[in-house]
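Worksheet: the structure to be examined is printed underneath.
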């Protein structure tokens with residue numbers, strides 16, 4: 001009798017085990033079967049029935065507890081892209097941006113969430129082309145010596161994708177690695193590597209480097225093979241690796257285009273905006289207000305959160321934060337200091353989310369960078385003020401401190417000041433330079449996500465360095481004057497340039513108009529300095545009159 005009970009107990013345990021295994025298999029296969037159902041047939045672009053809500057693939061790792069905490073989910077401004085907020089943004093952008101923006105908004109609403117975006121409408125006028133023909137934008141840099149290049153490249157060595165994760169490269173002497181006829185070794189390099197080897201003492205990339213346009217296209221089209229959260233920083237950022245072994249920093253959309261930073265927000269708790277990163281790149285490169293290309297290439301991309309983030313990440317901390325919202329949208333929040341909770345989750349529509357992708361600079365093991373504290377850094381405190389905010393003669397102290405006591409660094413800071421003021425960016429606490437070039441080199445403008453937060457307010461404290469030092473490059477000053485003219489209006493140039501991005505429109509029209517207003521304020525500040533100290537003491541002549549070049553030494 002006892003043996004019979006033991007056998008029955010063993011059979012019962014076996015049956016329970018088999019049932020559990022069957023349930024796990026069914027749960028794992030169910031999302032795949034749903035995607036093959038009538039609403040997900042390959043080749044069918046028909047929209048789902050009106051009564052059926054959009055479906056989203058169920059995540060595999062999140063626990064039931066993760067789904068239950070959905071009760072805390074709220075539709076705050078940072079909860080990304082509800083249907084109503086997106087449509088409201090498009091209506092607002094259409095009303096302020098004219099017929100072209102309205103047409104783009106209508107086209108966006110007509111396509112399905114997984115369909116490719118139509119190209120943005122082309123501008124009838126081409127003020128950018130006219131601007132780049134102006135002599136101010138045709139000045140050449142000095143000839144480059146070997147010491148002016150970040151990398152000295154052996155052109156006989158080709159890039160071997162199969163060895164990209166190894167420290168060694170393959171020489172073309174290996175017969176199995178011969179290139180097609182007519183292809184040089186450098187042509188075999190991926191565009192991110194061409195960008196890296198093009199960096200020199202004076203700029204991140206040359207004005208007419210074709211690899212940059214190709215790199216921007218790679219950022220929006222290359223297959224994403226892995227995703228991980230970036231350590232450090234206050235808000236969620238993801239490192240995305242592509243099929244060609246390039247990497248980019250992804251900042252997801254947190255606010256709609258028309259939302260302003262609340263007036264009670266401190267600058268250090270403001271959202272980081274993906275569209276601000278894109279606009280900063282275009283301001284620096286396309287409109288070339290500084291004409292030094294100091295912002296790494298950035299492009300906007302519509303990312304599938306399920307297929308391109310959740311399914312390819314090996315970061316379990318990121319994986320476990322995915323959940324499905326009450327609107328049946330895929331959401332996640334990651335781990336960071338600010339805004340990483342279910343209350344500030346990033347939600348797709350149903351699993352598509354906008355974001356900016358900034359190309360990585362060369363690895364620090366290959367090209368060391370030096371981080372410098374901005375002399376006009378803010379206190380990052382709720383009650384304390386920085387020294388420059390209370391000492392009107394603070395610039396005199398800065399100009400006696402290396403590296404600002406010689407070379408062009410103080411003029412670089414003035415350029416950065418103008419750049420930040422046009423964007424309304426109060427978060428410039430540090431900047432970087434490449435260690436190889438010493439102090440005689442450009443400064444890199446990284447992390448521009450807190451720009452373009454307010455279009456109804458001009459933060460005059462950003463201009464304090466210019467007002468205190470009363471110094472500016474002649475090339476910068478002449479370009480500012482040019483961009484204030486009606487035929488080269490800054491807002492029109494930016495609007496035309498930003499239309500090239502895949503997720504255009506990038507900026508709400510009032511932000512563009514605010515840039516024109518701020519440009520006039522900058523010119524007034526320089527004019528006041530000239531009236532006080534004299535033109536030659538304020539405007540530093542950086543042009544070489546013998547040849548059509550811009551000098552880099554004071």
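Using N, Cα and C of the backbone, Cβ positions are placed for all residues, glycine too.
TrEMBL labels come from automatic prediction, so no person has curated them.
TrEMBL annotations:
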{"type": "TRANSMEM", "residues": "12-30", "note": "transmembrane segment"}
{"type": "COMPBIAS", "residues": "77-86", "note": "compositional bias 'Polar residues'"}
{"type": "BINDING", "residues": "235, 251, 272, 358, 359, 360, 361, 432, 447", "note": "ATP binding site"}
{"type": "BINDING", "residues": "272, 447", "note": "Mn(2+) binding site"}
{"type": "DOMAIN", "residues": "322-539", "note": "domain 'FAM20 C-terminal'"}
{"type": "ACT_SITE", "residues": "427", "note": "active site"}
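Structure coloured by features recorded in TrEMBL.
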| residue | record | Cβ neighbours (10 Å) |
| --- | --- | --- |
| 235 | ATP binding site | 22 |
| 272 | ATP binding site | 25 |
| 359 | ATP binding site | 24 |
| 361 | ATP binding site | 20 |
| 427 | active site | 19 |
| 447 | ATP binding site | 23 |
Rounded to an integer, what is the Cα-Cα distance in Å between residue 447 (ATP binding site) and residue 427 (active site)?
9
Spatial neighbour of the residue listed as 'active site' that is closest, considering only the binding-site residues 235, 272, 359 and their CA atoms:
272
On the three-state reduction of DSSP, what should I expect for residue 359 (ATP binding site)?
strand
Compute the average pLDDT of the predicted model within the domain 'FAM20 C-terminal' (322-539).
96
